[in-house]
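What follows is a short report on a single structure.
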Amino acid sequence: MALKLEQENDLEFILKSLLAGGVAGMCAKTTVAPLDRMKILLQAQSAHYKHHGIVGGLAAIVKKESLIALYKGNGAQMVRIFPYAATQFTSFEIYKKYLSKVHIPVVQHGDKFIAGAGAGVTAVTLTYPLDTIRARLAFQITGEHRYKGIVHAAITMFHTEGGIRALYRGFVPTMCGMVPYAGFSFYCFESLKFFCMKYMPTALCRKCERNTGGLVLTVPGKLICGGLAGAVAQSVSYPLDVTRRRMQLACMDPQTAKFGTGMVKTLTLIYRDNGIVKGLYRGMSINYIRAIPMVATSFSTYELMKQLLQLDTGMKVS
């Protein structure tokens, strides 16, 4: 009877975590969708926008296309982000739970990083084709459309660019970048959350007796922890994010086809052509403006959704 009850509770926990994670991802991505499209155009050095800054680029999109064009590709993003975020957050909770039972010093000290990295890899593997399609749709300029929508883009890429490999182009650098990105995101958030609960319990926390430790982060506390976690994670993994985008968009323009030949070669070409700041870290300024509120919103919404669904968001601080 006890085992049956535990299994039912585990299933309820997983379903609630999936819902909370999916909603968190959709809220976060919708918040920064215009900046997300501008980042893609800058990373890929679109001929139409390569000489524009952040504000100028956004204004140019509205002028050349339309206001709604700021959200181009967001339909594919929403189709992708719900299962992606739901899988990532739920996987993190599951991995964290099982890693807490492993009595190996290295694992005990880095369990949050390992759980976060594993969660990121799991989520990306399951949803990567939708990310490639979304990038292609976002890269299109009004009047120069190659794809009519999500399904048409998937079918066209599959038939003209080498089958399933086309939908997973850039997958290797994505995996290499996801390990530090997701790992540091969750590790930093959990560490900052612990710091706030232990050393700033009255400033950024409030009492909640049903939670472990009797505390939960306030909304400002959630946003601060999430924003700082996003900044650290993006700083570490950004060059591989640029590499992924160049590989995903290589076949959109004959001049960029050379970037679709492999991760190491693409990294080398980017560095050789544009260097570190204007190549591997191109678009980093807009990425900070985009990533900090996105990750802050994502973690904050997830924690709020867990609280609404009566899930524990506290932690032991003694």
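Cβ coordinates are placed from backbone N, Cα and C, and glycine is handled just like the others.
The repeat 'Solcar' annotation in TrEMBL covers 12-98 (among others). Taken as a whole, the repeat 'Solcar' (12-98) shows an average pLDDT of 85 in this prediction.
Marked as repeat 'Solcar' by TrEMBL: 107-195 (among others). Sorting the repeat 'Solcar' (107-195) by DSSP state (H, G, I as helix; E, B as strand; all else coil) yields 73 helix, 0 strand, 16 coil.
Sequence annotations record features per position, and here TrEMBL assigns repeat 'Solcar' to 221-308 (among others).
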Per-state residue totals over the repeat 'Solcar' (221-308) - DSSP helix, strand, coil: 80 helix, 0 strand, 8 coil
